[in-house]
Amino acid sequence: MRDVSEVINVILAILTPFIYGLVMAYLLCPIYNFTVRSIYALTKRVNVNIPRPLTVSKAVASLVSIIVLLVVITGILWMIIPGLVESIANIIQLLPDSMDSLRSWLDVKLVGWPEAQAILNGWINNFTENAIAFVTERLLPEYSSIAAGISEGVMGVFNVVKNFFLGIIICVYFLNSKENFAAQMKKIIMAVFSRKAADEIVQGAHFTNRTFGGFINGQIIDSFIIGLICFIVMTLFGWEYTLLISCIIGITNIIPFFGPFIGAIPSALLLLMVDTRQCIYFVIFIIILQQFDGNILIPKIQGSSTGLASFWVLFAVLVGGGLFGFIGMVIGIPMFAVIYAYVSRAINNRLEKRGLATDLAEYKVDNYTVRRKTERKRPLKMRKRREKR
């Protein structure tokens, strides 16, 4: 089993640039298509003889798409990294004062409770001593292993950067040749499967593309709006770490259901180190913002694109996150929505072949109405035959 997992890891490591390129191409496809259509229409309107206008349009669209990608990534890093470094430095600087303030506050509040005061002071002293011991006894003596870990981290970052730029090159190939790739796949499907099965597979591929594309694009737009609202409100109130927290809230909001909590907890802790009132107001604001997002914004942007009930949304996020981590939490809902649609379709087809009803309401049991023996419902099959008569 270990050998199989090692082989899979090696294959995934080799295919990582292609995975990066495919993901980037899928996300940039709307921008690319819009640019191609716009440039191509412009070349037709302008009275200038441009050789191979479609090729020129694709080249310009590829350049625009890559520029947009680099600008977005650079902007996110520029907003996050300086704020993150500043927040870590402030935490290190404010931690001793915060511990002293906490000790003084406890001494005032627990004047009549000497035993509780002694216990809490003991906890604070132990925490301080353990932190100092960790730095002096473990962190400093193990500088060689730390240096090795840093070198491994540098190599890991180098591999990520290398795969990213290779992914950009592959992304350009995917964008410019996606019609050919789709035609080749359709040709293979038509050659291998029967006509009916091939049509089902092609229709299923179109449905999967619509489901994934609609959900992911909707989540990106929704997260951008939420991050922008957070930035505007925090700027108006003059709260600290406005840019950093807005980016955290916007990025983590891509994760359905749990994303707002994942982003709000560290953001609230950052504000807690600065001002307790800011932290409280921020938590209240995030609760209001998420209610607005869940009840108004997401339905307006996505509508019922997945067709899943709230329970299955939670199920998809948990299972996807458990299997594939962060990526699984993001794509778990559209993936499960596709599976759910296929299973529902197969079940309905089998029910129709047996002459049974496909409406879910026909299978619900009314536990709140007491029926007499003469009022028992007829079986579904008999009821359907009677309706035909």
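Cβ atoms here come from the backbone N, Cα and C positions, even for glycine.
Copied over from TrEMBL:
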TRANSMEM  12-35  transmembrane segment
TRANSMEM  56-81  transmembrane segment
TRANSMEM  153-175  transmembrane segment
TRANSMEM  220-237  transmembrane segment
TRANSMEM  243-272  transmembrane segment
TRANSMEM  279-298  transmembrane segment
TRANSMEM  310-343  transmembrane segment
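Here the transmembrane segment (153-175) lies next to the transmembrane segment (12-35) in space: the count of CB pairs under 8 Å, restricted to residues six or more apart, reaches at least 3. Long-range contacts of the transmembrane segment (279-298) within its own chain (CB-CB distance under 8 A, at least 6 residues past either end) are made by residues 218, 222, 225-226, 229-230, 233-234, 237, 239, 245, 249, 253, 260, 264, 267-269, 271-272. Proximity of distant same-chain residues to the transmembrane segment (220-237), defined by a Cβ-Cβ separation under 8 Å and at least 6 residues beyond the stretch ends, is recorded for 27, 243, 245-247, 249-251, 253-254, 281-282, 285, 289, 293, 297-298, 301-302.
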